[in-house]
Amino acid sequence: MKTLMGVTLALVPLAGWAASTEYQDIERGRYISVLGDCAACHTVNDDQPFAGGVPLETPFGTLVAPNITPDATTGLGRWDYEDFKAAMTEGVGKGGYHLYPAMPYPSYTLMNEEDIHDLWSFLQTVTPVENAIEANQLPFPFSIRSVMMGWNWLNFDERSFEPDPEQSDEINRGAYLVEGLGHCGTCHTPRNFMGGAGGDKFAGATIEGWYAPDITPNAHVGIGGWSEDELVEYLQTGGNRYGFASGPMADEVHHSSQHWTEDDLYAVARYLLSGAGLESSDWDHAPPEPLPEDNPQVTAGSHIYFDRCSGCHTPNGGGEEGIFPQLASNPLVNGDNTTSLIRVVLAGSRPVATDAKPTAPAMPSFAWNLNDEEIASVLTFVRNSWGNAAPAVSAGEVADMREELRGD
Amino acid sequence: MATKLPPTDAVVVGLGWAGAIIANQLVDAGLKVVGVERGPWRDTAKDFNIASVTDELRYAQRQELMLRTAQNTITLRNNPTQTALPMRKWGSFHPGNGTGGAGNHWAGITFRFQPEEFRLKSHLEERYGADSIPDELSLQDWGTDWEEMEPHYDAFEKIAGTSGRAGQLASGRQEGGNPFEGTRSSDYPTPPLKQPYSPTLFAETAREMGYQPFPVPSSLVSETYTNPLGVTMGPCTFCGFCTNYGCANYSKASAITTVLPTLIRKENFEARTHCEVLKVTTDSDGRRATGIVYVDSAGRRWEQPAEIVIIAAFTFENVRLMLTSNIGEAYDPATRRGTTGRNYAYQTANNVQLFFDDKNFNPYIGAGAVGMGIDEFNNDNFDHSGLGFFGGGSTRVTPIGATPINARPTPPGTPRWGSNWKRATVDNYASTMSIGCEASNYSSPNNYLSLDPTYRDRLGRPLLRITFDFTQNDLRMAQYVTEKTAEIARRMNPRQIVANPRTGPWDGRPYQSSHVVGGFVMGADPSNSSVNKHLQVWGVPNLFVVGASAFPQNPGYNPTGTVGALAFKAADGIVNHYLRNPGEMIST
C-alpha cells in the first residue's frame with residue numbers, strides 16, 4: 001500500500017489527472033495478474049504475494065517460479081518495462097537469458113501492449129520481498145538455458161493476438177483470454193515430447209498426476225454437453241453438477257477464475273463452446289459403444305458401485321447437485337485418460353472451497369479397502385452405465401497410480 | 001504467568017453449535033472474533049470418511065468423539081449425604097469434544113419447545129392453581145416467550161436444513177404435522193425423511209387409537225440443501241451409524257457441516273483449537289469480564305483480553321467455568337441461596353420393547369432422527385388434574401440403526417452369553433422394535449452442580465460435581481407415560497412387550513441421554529437466574545453464557561433446537577442491543 005501511494009504521489013506534480021489514470025492502470029494491472037493467474041506459480045504465501053518459490057514438477061525436472069516483486073536484488077527491481085515485455089512476449093529475461101516455457105510466454109505473447117503495460121505498473125506497486133530463488137533446478141542438459149533457443153525455434157511463435165473478424169467481439173475477447181492470458185492450453189492441450197503444444201488442441205492432458213480434461217465442444221468427452229451457465233458456474237464457484245475443481249484446477253479457481261468478471265467468464269464459455277479456433281475434425285468424433293452389461297468387469301463393478309458409491313452418487317449416477325457429482329454423462333468419466341478417475345478413487349480428493357461454494361465436499365479414499373482389480377471394475381462400470389461409454393480400465397493402470405501416489 | 005495477547009472484540013469459548021453460530025453472527029456484524037476450543041479441529045473430509053466411519057468399536061464402544069475423561073470429567077452422587085465419585089468412562093451421557101462438539105455425534109432430533117414451556121410455572125399455576133406445584137420442584141419461567149423465540153428457532157432450522165412436517169402455520173393447522181407445536185413462521189426447510197417400517201407401523205396404530213402421529217423433526221436432511229450461509233448438505237442415506245458417530249454423507253447438521261466451512265473463511269475470525277479455557281478474568285470489582293485465560297496443547301498459558309466474552313461450551317463446562325471464575329453466587333441447597341449451579345436437570349428416558357414373531361424391521365436401516373412420534377402425553381398436552389405429577393414425554397419410534405456389537409435385543413430371561421444367547425439374538429434381531437418416551441425432567445432444589453472438594457483435573461482445577469436424583473414427580477410421570485406407551489405397544493399385538501419406565505435412583509452407568517441442562521439458568525429475576533433473556537450474565541454485562549445450561553427445567557423434548565435458537569437470540573442481543581450501549585445490561 002505504501003508503495004502504491006508512493007507511485008501515485010510521484011506522478012501528481014507532472015499532471016493532475018495522471019494520478020487517477022495511473023491508479024486505474026494499476027487496478028487494471030491487478031486484474032490482469034488475476035486473469036493470468038500469476039499467483040499460481042509466483043505466490044507461495046498470501047502474506048508475501050509474488051515473492052516466488054512454487055516448485056513446478058515438469059517431465060524434465062523441477063523449476064521454481066522466481067520472485068517477481070520489485071526487490072532490487074532478488075526480484076525484478078532492476079528490470080524496466082522493456083525487459084518485462086521481452087520476458088512476457090519472447091521468453092527472454094533481462095540480459096538475454098532464455099526462460100523455460102513453464103512460464104507460459106508461448107501464450108502470453110498474445111497479450112496486447114496495454115495489458116502488459118498495466119500488469120507491469122501493478123507489479124511495481126507490490127511490496128518488495130527479499131527472497132532469493134534458484135529457478136533452474138533442472139538436471140543436465142535441460143539446465144542449459146540456451147537449449148531453449150532450439151525449443152523456441154520448434155515450438156514457439158512470437159506473435160500478437162489477431163481478432164477474427166468473422167466472430168463477435170465477445171468471442172474474440174474469449175479467444176484472447178483462453179489463448180493468451182488464461183493460458184488454458186498450457187494444461188489442457190497435450191504436450192509433445194519436448195513439452196511443447198503437441199496433440200489436438202484442448203483435447204486434455206496429464207499434468208502433475210492429474211488429468212486436465214478435454215475442453216473441446218465434444219459432447220461425450222469434452223464440455224460440449226455443458227451450458228454456458230454451467231461452464232461459468234464451474235470457473236466462478238469451483239464446481240457444477242459434474243464436479244468440483246480439484247488438483248491444479250483447484251489452484252486456478254482459488255487464485256484466478258473465481259475473481260474474473262462475469263463478462264470475461266461468459267466470453268470464455270462462448271469461445272470454448274463455439275469451437276472457434278478449433279478444427280471440428282479434431283474434436284467431432286462419435287462416442288464409442290458402451291461395453292455390454294455382461295462384461296465381467298461391468299458386472300463386478302456394478303456390485304461394488306451399489307455397495308460403495310451409490311449412497312452419495314445415487315444408484316442412477318445422477319449425484320446430488322451441489323455436493324455429490326453426477327457421474328452419468330460426465331465428460332471426465334468418459335474421457336480416454338483415466339488418471340484423475342483412478343486418482344480420486346485411490347487417494348480421495350478435497351476440491352477448492354470458494355465463498356460461493358464453501359462446502360468443498362470430499363471424495364473419500366478407497367485405497368485401503370478396494371484392490372486394483374475392484375477399482376478397475378467399478379470405474380469400468382461407471383464408464384459404461386447411464387449413457388456413459390468408454391474403454392475398460394485395467395488393474396495395471398490402477399497399480400501404476402497406486403505406485404505413483406506412494407512416491408508422492 | 002499467562003502471556004497477554006493483543007485484545008480482540010469478542011472471544012467465544014467452545015466451537016460447537018452455540019459458539020459457532022454466535023461467532024458467525026458477530027463476525028458478520030463486523031466484530032473481530034477469536035474462537036477457543038479445547039478439542040481438535042474436526043472436518044467431515046478428514047475425520048468422517050465414508051469408508052471408515054462405520055466403526056462401532058471405535059466410535060460407540062471406545063467413544064472416540066467424546067471428551068477424554070482423563071482431560072476432564074465430572075463426579076456424581078445422588079444426594080448431599082453421599083461422597084461423589086468421578087465418572088471414568090462416559091455412561092449416562094456423552095459430552096463431545098472438538099469443533100462441532102456433541103453436535104457431531106448427536107442424533108439430530110430438532111424439536112422446538114412449546115410456547116407454554118417458556119412460562120411453565122405461570123402456566124401451571126394458572127391452569128391448576130397457585131399452590132399446585134409441589135415443593136420438591138423449582139420450576140420457573142424463562143423470562144422470554146414464544147414470540148421472541150420463534151424467529152430464532154426459524155433461523156436455526158434454516159441453518160441446519162431441518163426436515164419435518166409443520167403442524168401449525170399462520171394459515172392454520174397442518175395435517176400430518178405435530179398439532180401441539182407453536183405456530184411457525186415458516187415450514188421446515190426440507191420435507192420429512194422417508195420412514196422405515198417400525199415407525200410406520202407405530203404411526204398406523206397410533207392413528208387408529210385416535211392419536212396424531214407426525215414425523216420426528218430431524219436435522220438429517222431429506223434432500224440436498226444449501227443453507228443461508230451457502231453450505232451444502234446431502235440427503236441422509238439411513239446408514240445406521242449416526243448417534244455417537246460423525247456423518248460421512250454431509251447429511252447430519254452440525255457446526256462443522258453447516259457453519260464452520262464458511263466461518264473459517266472470514267478474515268475477522270480466528271479459531272484456536274486444543275486450547276482449554278481455565279477461567280474468565282474480571283476486573284477488580286467483578287463487574288466486567290476482561291477476557292479469558294487458556295492453556296494450549298504445549299502447556300503454555302495465554303490471556304486473551306476481549307471486549308465481549310461469550311461462554312458457549314457444553315452445560316457442564318459452562319457451569320464449571322462460572323464456578324471457578326467466581327461469577328455469580330454458588331448455589332447452596334441448604335439455604336437455597338445462590339444461582340450458579342442451581343436448577344440442574346436431566347431427561348427421564350423410558351421405553352417399551354416389542355418382540356414380534358412375524359415381522360422383519362430391517363433394523364440396520366436407521367438414523368439418529370428418523371421416526372414417527374406423538375405428543376399427546378408430553379409436557380402439559382394432557383390434563384394433569386389428580387395425576388400427582390406434572391410433565392410428560394415425547395412418545396416415538398426412532399430406529400437409530402441396530403449395530404453389530406450393541407444391538408442384541410433379547411427378551412428377559414435370556415442368558416447373557418453362550419449358545420442360547422446367540423440363538424435368541426438370531427431369533428429377535430430383525431423382529432424387535434422399541435417405542436421410546438423421552439420425558440421431561442423438572443428441576444428440584446436438591447439437584448444442583450457444584451465444585452468437587454476432592455477430585456481435580458490434570459490442570460489442578462476441581463471437577464464439576466453433579467448432585468442429582470429423579471424426583472417423585474418424575475418417577476410418577478415415568479410410570480404414567482410408559483403405561484400409555486405400553487397401551488400402544490399392546491395394540492400392535494407383539495408376542496411380548498417389556499416396559500422399562502425410568503426408576504430411581506439415577507444410575508450414572510447406563511446411557512440415558514446427553515440432555516444435561518441448567519445450572520446457569522435464564523430468567524427475569526436475578527435472585528433465581530444467572531442470565532437474562534439475552535443470555536447476558538446479571539451484573540457482568542459483557543459476559544454471555546449460552547447453551548442448555550440456561551434451561552430452567554427440561555421439557556419432554558431434545559434440547560438442541562433450543563440451544564441453537566438461544567445462540568441466535570444471544571447474538572441478536574449482542575449485535576442489536578448490547579453494542580448500542582456497551583457495558584450496560586440490555587434493558588429491552
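Using the three backbone atoms N, Cα and C, a Cβ is placed for every residue, glycine included.
Record features, source TrEMBL:
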type    : residues                     : note
BINDING : A:CYS184, A:CYS187, A:HIS188 : heme c 2 binding site
BINDING : A:CYS309, A:CYS312, A:HIS313 : heme c 3 binding site
DOMAIN  : A:24-127                     : domain 'Cytochrome c'
DOMAIN  : A:169-276                    : domain 'Cytochrome c'
DOMAIN  : A:296-386                    : domain 'Cytochrome c'
SIGNAL  : A:1-18                       : signal peptide
Nonlocal residues around A:CYS187 (heme c 2 binding site), in sequence order (Cβ under 8 Å, 6 or more apart): A:ALA205, A:ILE207, A:ALA212, A:PRO248, A:MET249
Chain B neighbours, filtered from binding-site residues A:CYS187, A:CYS312, A:HIS313, Cβ-Cβ distance under 8 Å: A:CYS312
Secondary structure content, the domain 'Cytochrome c' (A:24-127) (per DSSP, counts of residues): 42 helix, 10 strand, 52 coil
DSSP helix/strand/coil residue counts for the domain 'Cytochrome c' (A:296-386): 42 helix, 4 strand, 45 coil
A:HIS188 (heme c 2 binding site) and A:CYS309 (heme c 3 binding site), distance between Cα atoms, whole Å: 28
Rounded to the nearest Å - Cα separation of A:HIS313 (heme c 3 binding site) and A:HIS188 (heme c 2 binding site): 26
All-chain count of other Cβ atoms within 10 Å of A:CYS184 (heme c 2 binding site): 22
Integer Cα-Cα distance in angstrom, A:CYS184 (heme c 2 binding site) to A:CYS312 (heme c 3 binding site): 31
Additional residues around heme c 2, ordered along the sequence, whose Cβ is within 8 Å of the centroid of A:CYS184, A:CYS187, A:HIS188: A:HIS183, A:GLY185, A:THR186, A:THR189, A:PHE202, A:ALA205, A:ALA212, A:ILE215
Long-range Cβ environment of A:CYS312 (heme c 3 binding site), under 8 Å and at least 6 residues apart: A:GLY319, A:GLU320, A:ILE323, A:PHE324
Around the Cβ of A:HIS313 (heme c 3 binding site), the count of other Cβ atoms that are within 10 Å: 21
Three-state secondary structure, A:HIS188 (heme c 2 binding site) (per DSSP): helix
Heme c 3 site shell beyond A:CYS309, A:CYS312, A:HIS313, criterion: Cβ within 8 Å of Cβ centroid: A:TYR305, A:ARG308, A:SER310, A:GLY311, A:THR314, A:GLY319, A:PHE324, A:LEU327
Long-range Cβ environment of A:HIS188 (heme c 2 binding site), under 8 Å and at least 6 residues apart: A:PHE202, A:ALA203, A:GLY204, A:ALA205, A:ALA212, A:PRO213, A:ASP214, A:ILE215
Number of helical, extended and coil residues in the domain 'Cytochrome c' (A:169-276), per DSSP: 51 helix, 12 strand, 45 coil
